[in-house]
Amino acid sequence: MGSVVHPDTEKYPFKFEPFLRQEYSFALDPDRPVCEDFNYKIGPSSCPNGVFCPKKHVLGIFQNKIVCKHWLRGLCKKNDNCEYLHEYNLRKMPECVFYAKNGFCTQSPECQYLHIDPLSKVPPCEDYEMGFCPKGSACEKRHIKKVLCQRYINGFCPLGRRECDMEHPFFYIPDLSSPLRIKKDEEINTRKRDEENERRLNAIINGEI
């Protein structure tokens, strides 16, 4: 009776099983070790066993990818041909759609998906990094406050901008090649009169006068 409920299929191999393993990765352990000889830049020829290698050949399209959401549920049918990772890596998990939409997650802290801070998606303000942003708090970009490097302010930082943990501000040097133009009083008064006439005309149109 036990042989009927739990049959031993290894005793009856089929001739087409090697073809299924080669083309569709059939009956291969998904947790099998990664082949150390395989180089995705060269291809299957880099491995002595080629396409018949019992170990996993990680292709180039799988490098630095996110985890397959279908694989997490056991529903992925692509096996090794899937363009997403088939491994549990918290840093490469897909983004939680519920958290991205609502700002909180009902499954937290047990949620398997990645919770990304919405502010991290906002690009930094170039004007603020230069030293001053005219929009202030109304700026749609992110103002990142950093501690100024005193060595850089004094004249030289041996670590440089990339290695130093503190801020190296950009100093904006105005273009002095073009001559400065000073407006005359007549131009200023003419502009004021035009603005006053425009306000008076709008008041007449709106029936305020």
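Positions of Cβ are set from backbone N, Cα and C atoms, glycine also.
It should be emphasised that the depicted structure is a prediction, and the values quoted were computed from it without experimental measurement.
Annotation source Swiss-Prot lists zinc finger at 29-60 (among others), citing sequence analysis.
Mean pLDDT, taken over the zinc finger (62-89), works out to 74 on the 0 to 100 scale. Marked as zinc finger by Swiss-Prot on the basis of sequence analysis: 62-89 (among others).
Residue counts for the zinc finger (90-118) by DSSP state, with H, G and I taken as helix and E and B as strand, are 10 helix, 2 strand, 17 coil. Taken from Swiss-Prot, the feature zinc finger applies to 90-118 (among others), supported by sequence analysis.
Look at Swiss-Prot and you will find 119-146 (among others) tagged as zinc finger, backed by sequence analysis. DSSP states for the zinc finger (119-146), grouped as helix (H, G, I), strand (E, B) and coil, give 11 helix, 2 strand, 15 coil.
According to Swiss-Prot, the zinc finger annotation covers 148-171 (among others). Counting residues 6+ beyond its ends, the zinc finger (148-171) has Cβ neighbours under 8 Å at 129-131 in the same chain.
Applying DSSP to the zinc finger (148-171) sorts its residues as follows: 9 helix, 2 strand, 13 coil. According to DSSP, the zinc finger (29-60) comprises 7 helix, 4 strand, 21 coil.
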